[in-house]
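In TrEMBL this protein carries:
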- 1-91: domain 'Acylphosphatase-like' (DOMAIN)
- Arg12: active site (ACT_SITE)
- Asn30: active site (ACT_SITE)
Amino acid sequence: QVRGSVQGVNFRHWTATEARSLGLTGWVRNTPEGHVDGAALGKEESIEKFKKSLHRGPSIAQVTGVDIGKEQTVEKPEDINWDLTDFSIRR
């Protein structure tokens, strides 16, 4: 979950672009509380780069905090019933 001024500043689009450039699959969405939530799957190195980029966000955003929860290492996406093949923006 990303907190701060992250809605109405293209944060979801920026996040999807970042994730795709790193070869990640997953999703991102706005929450009613004004935050941005999401999930991502990919190589460990790419995930680490992605997590760092979330702290900065697009230039117009003001990120005040990033909470990463429920991390796990998996051998194959099927092991966790992950059937996403792209990184999508959810409404």
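Please read every residue number as a count from 1 along the shown chain.
Keep in mind that glycine also has a Cβ here, set from the backbone N, Cα and C atoms.
Across the domain 'Acylphosphatase-like' (1-91), DSSP assigns 26 helix, 25 strand, 40 coil. Separation of the C-alpha atoms of Asn30 (active site) and Arg12 (active site): 8 Å, rounded to the nearest whole number. For the domain 'Acylphosphatase-like' (1-91), the model's pLDDT averages out at 93. Its Cβ placed at the centre, Arg12 (active site) has 22 other Cβ atoms within 10 Å.
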